[in-house]
Amino acid sequence: SSGILFNTGAGQHILKNPLVVNSIIEKAALRRTDVILEVGPGTGNLTVKMLEKVKKVIACEIDPRLVGELQKRVQGTCLANKLEIKVGDVLKTDLPFFDACVANLPYQISSPFVFKLLLHRPFFRCAILMFQREFALRLVAKPGTKLYCRLSINTQLLARVDHLMKVGKNNFRPPPKVESSVVRIEPKNPPPPINFQEWDGLVRIAFVRKNKTLSAAFKSSAVEQLLDHNYRIHCSLHNTVSSFFNILNSISVYYDLHTDFFIREIPENFKIAEKIQTVLKNTGYSEKRARSMDIDDFIRLLHGFNAEGIHFS
């Protein structure tokens, strides 16, 4: 009715069905004291309904035309002072404080936004997000299923993820070419005590060819070069530390007890490929495939590599 030509290439598909809007808000379990983050508010169909129920909505919108439409929609109402609009690319700015995130997300930013959200601090309570159906199903996929992938295990490491409902393409204006789904994401608080960069480095290698055995996946020359480089840096740093402690007579006993930790000598005929395969064999994952491994499996494998001085970040 506003006469705006929506840019579908930028993911501008406005959720028009009030029943779906109300269902999303119901599933978000909004509180009067909540500050809500919304990304891609469009013309404000979801925004206005949330403003009626919460303390504040922070809407992030990149299109100045839609910002103007949203401002006009609340102008002169009691809702206007509860709305804050941030104009710009949400992926390139720091997220504000918020209690929950509710959004009909532009689908092309789905993956980077999910991880920006999950690595955000302080923790938020939950996120209720609309995604392309296949992306949503990848988020909740379990080991051994067709859609299980790096996205699945990385998301599930950091959060509990639930598929809430399917949304047909005719509920949008203009209709997208794909079906959609609404997903609930609840970050794990406290997060698992794992270096996420290390974790993601391992998972990335394993899932490049998720149907291959790990033994085969780790035989890539690029992987071997990366891990060899990291291993030599690790050994160099540990030898530097050991030399420092060797000088300090006051803690010589401590040094003697921890020699294995501080000193890693690299033999002249050292081959990282052999060390990698030894770790895989000793941990029992040499013939395993990423497609069937769960979070605990990857935690054990990462610990096995790290214990031998092999790192992924």
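Don't overthink the numbers, they just go from 1 along the chain as shown.
Note: Cβ is positioned from N, Cα and C throughout, glycine not excepted.
Bear in mind that TrEMBL entries carry predicted annotations, made automatically and left uncurated.
Look at TrEMBL and you will find HIS13, LEU15, GLY40, GLU61, ASP89, ASN104 tagged as S-adenosyl-L-methionine binding site. Annotation comment: TrEMBL describes 20-189 as domain 'Ribosomal RNA adenine methylase transferase N-terminal'.
Structural mapping of features recorded in TrEMBL.
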{"residue": "HIS13", "record": "S-adenosyl-L-methionine binding site", "Cβ contacts under 8 Å, 6 or more apart": "PHE6, ASN104, PHE172, ARG173, PRO174, PRO175, PRO176"}
{"residue": "LEU15", "record": "S-adenosyl-L-methionine binding site", "Cβ contacts under 8 Å, 6 or more apart": "VAL21, GLY42, ASN45, LEU46, ASN104, MET130, VAL167, ASN171, PHE172"}
{"residue": "GLY40", "record": "S-adenosyl-L-methionine binding site", "Cβ contacts under 8 Å, 6 or more apart": "GLY11, GLN12, CYS60, GLU61, ILE62, ALA103, ASN104, LEU105, PRO106"}
{"residue": "ASP89", "record": "S-adenosyl-L-methionine binding site", "Cβ contacts under 8 Å, 6 or more apart": "ILE62"}
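Across the residues of the domain 'Ribosomal RNA adenine methylase transferase N-terminal' (20-189), the predicted structure has a mean pLDDT of 97.
Taken over all pairs of the listed S-adenosyl-L-methionine-binding residues (HIS13, LEU15, GLY40, GLU61, ASP89, ASN104), the Cα spread reaches a maximum of 20 Å, rounded to the nearest whole number. Of all Cβ atoms in the shown protein chains, 27 besides its own fall within 10 Å of the Cβ of ASN104 (S-adenosyl-L-methionine binding site). GLU61 (S-adenosyl-L-methionine binding site): 23 other CB atoms within 10 A of its CB, across all protein chains.
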